[in-house]
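Report on one structure; see the data block that follows.
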Amino acid sequence: GCMRIAAWNVCGLATSQKKGFKFYVEAEDPDILVLSETKVNNETVDPALKERFPHSYWSIAEKKSYSGTAILSKHKALSVTRTLPGHPDPNYTKGRIVTLEFENTYVVGTYVPNAGTGLKTLNEKNLWNEHFTTYIRDLDKKKPVIWTGDLNVAPTAIDLANPKTNWNKTPGYTEAETTAFKNILTPPSNAPEDSPRFIDVWRHLHPDTQHYTYFSYRFRCREKNLGWRLDMFVLSERLLEKVKMCEIRDEIYGASDHCPV
């Protein structure tokens, strides 16, 4: 049978739940739902969600009502990791990553750090990218990986509405960030020899389409189609043959400033 996985930056789970979150979840009915930017301070016990997803795995930030990642699942995981192994500051990574191990795959849900206004946290972002790259390659040696969530990078010029004005100025579209992402997909010549390849699945299936997953609530961005494609599924190359579809649900907007994938 098919396994349906959805990823959604909910921009605050409590707020999203007041704005129609459940209508999407009921309509999509995913087997696994990866949530980012939950902003929750403790594990949410919502009876309806609990019934739909008996197994929930939360990574909660140290800072109150900040970031936060969760994976809600109909299937029990063999193991769960709530930080980024290898990163020198585990507290920094709390709320940003959940890895579930299943029999045949790892599912990694992330809310990747933002490089910050004026790129003031680009160094922290670079450190994250460095350790995450090692981590996902190491996981792939054990089992194929499904990496998803808000990856906070627009990989190429067709992944955002205004590439020229944002290049190296706006977080998510800098040389450092796009290069780090590209090097995960296709390891550069200086990477360890056995580094695996990964596929940005939506882009692979829609090579020329300009669809976005994030529209700022400000400046009427949504109606002007001024968006960014920041939310995606990145899979170990050997999983590609198993993919049936990958779609951006761009009609689902308003319960969050991101659309589900």
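Positions of Cβ are set from backbone N, Cα and C atoms, glycine also.
Binding of Mg(2+) is annotated in TrEMBL for E37, D150, N152, D257, H258; the matching candidate from N9, N123, N126, N183 at the same site is N9. Sequence-distant contacts (6 or more apart, same chain, Cβ under 8 Å) of D231 (site 'Important for catalytic activity') comprise A7, W8, N9, T148, G149, D150, L151, T213, Y214, I248, H258, C259, P260, V261.
Long-range neighbours of Y111 (active site) (same chain, six or more residues apart, CB within less than 8 Å of its CB): N9, S36, E37, S67, G68, T69, G95, R96, I97, G149, D150, N152. The most densely surrounded of the recorded positions E37, D150, D257, judged by C-beta neighbours within 10 angstroms, is D150. Around N9 (Mg(2+) binding site), taking its Cβ as the centre, 26 other Cβ atoms fall within 10 Å, counting all chains.
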